[in-house]
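As written in Swiss-Prot, here are the features:
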type	residues	note
BINDING	Cys103, Cys108, Cys114, Ser349	[4Fe-4S] cluster 1 binding site
DOMAIN	119-338	domain 'Radical SAM core'
BINDING	Cys134, Cys138, Cys141	[4Fe-4S] cluster 2 binding site
Amino acid sequence: MLRALKTHAEAPIVVATRAASTNAEKLEEIRERLAKGPNFHDFVQNPDNTRNEWEQYDGKLRREKGEEQRLRLPPWLKTTIPVGKNYAKIKAQMRELKLSTVCEEARCPNIGECWGGGEHGTQTATIMLMGDTCTRGCRFCSVKTARKPPPLDVNEPVNTATAIASWGLDYIVLTSVDRDDLPDGGSEHIAETVREIKARNSNIFVECLVPDFRGNLECVKTIANSGLDVYAHNIETVEKLTPYVRDRRAHYRQTLQVLTEAKRFNPNLITKSSIMLGLGETDEEIENTLKDLREAGVDCVTLGQYMQPTNKHLKVIEYVTPEKFKHWEERGNELGFLYTASGPLVRSSYKAGEFFITSILENRKKRQNDTEVPKKQ
């Protein structure tokens with residue numbers, strides 16, 4: 001009886017050992033297949049995302065009135081995950097110097113390309129000044145909000161200039177949160193940052209994407225005369241949708257006034273604005289917005305697809321096709337903008353150093369230098 005129990009007890013052990021051996025072999029086989037197969041980056045990169053796939057896409061691109069379900073992301077809006085040494089270097093330095101970027105805070109889809117350098121190897125980063133918390137609550141933006149954000153970092157202008165100087169960039173974009181809690185909206189802080197950057201490298205082109213300062217023209221003047229090259233302020237959407245999309249303190253006509261006055265304070269500035277598409281605007285409204293910007297003297301305009309950052313933000317009404325964006329690029333150029341950047345993934349500061357603005361500024365500088373050279377007797 002005891003012998004029988006022993007034999008009976010040993011049998012499962014043999015079976016269990018064989019099962020464990022089989023499982024180990026399967027696990028090793030899976031590991032080998034994973035090592036030889038595509039990695040996570042390959043999966044996200046989606047190499048099949050070709051123009052043919054764009055043209056053949058027959059998914060729904062517009063939500064009808066009353067529909068709650070979100071639209072599926074079309075193939076032309078899928079981007080690669082951010083990787084690479086350049087990306088890691090910039091991110092590490094941002095943390096070390098306690099700097100914020102709109103690239104991260106606004107969850108920009110182009111962060112990997114801009115920080116990594118893209119196919120041309122030019123790095124572009126958009127520094128967000130005055131912290132990562134905004135006093136406004138626009139319904140399209142994922143930046144944190146509060147009525148009274150933390151105090152300004154007095155070392156930020158120097159830290160920002162130090163970082164930018166070490167990168168060796170030709171073009172830098174400075175943006176900021178709104179700081180309605182400050183008497184001057186932070187305009188002097190931004191201007192000081194520009195001066196620090198220019199003191200270290202007078203050849204670098206500086207673009208400032210700034211708030212409306214609640215229409216305070218003294219603040220606009222402070223920025224316009226700080227030494228920057230490009231004054232940018234975004235109109236964001238068409239006039240009809242402005243109260244629905246932007247914070248209640250932001251006004252369509254106020255934005256146009258800010259852009260107009262910036263040019264009046266400094267006629268040598270290039271002025272720039274941006275429009276998001278896909279929020280329910282009509283073609284006629286887009287056309288009128290472009291005309292309003294031109295009448296305000298705006299030189300450059302960008303048009304890009306609105307993408308819902310979280311479930312708490314405005315839903316996308318329509319995914320605009322690349323062909324439609326091409327139409328608006330052509331229309332913008334017809335209206336007389338010096339440069340029109342229009343595409344699904346275009347953002348106000350997207351690859352700023354590679355845009356036409358750089359060549360405009362370089363040509364202006366060359367003409368200025370030529371006129372300053374004394375003629376030979």
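The chain as shown is numbered from 1 upward.
Placement of Cβ uses the backbone N, Cα and C atoms for every residue, glycine included.
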- [ ] For the recorded [4Fe-4S] cluster 2 site, enumerate neighbouring residues of the same chain (Cβ within 8 Å of the Cβ centroid of Cys134, Cys138, Cys141, site residues themselves excluded), in sequence order.
- [x] Arg136, Gly137, Phe140, Ser142, Val143, Thr145, Val177, Asp178, Asp247
TODO: Return the residues near Cys134 ([4Fe-4S] cluster 2 binding site), defined as same-chain residues 6+ apart in sequence whose C-beta is under 8 angstroms from its C-beta, sorted by sequence, else 'none'.
DONE: Cys141, Val143, Lys144, Thr145, Ala146, Pro149, Val177, Asp178, Arg179
- [ ] Would you count the other C-beta atoms found within 10 angstroms of the C-beta of Cys138 ([4Fe-4S] cluster 2 binding site) for me?
- [x] 20
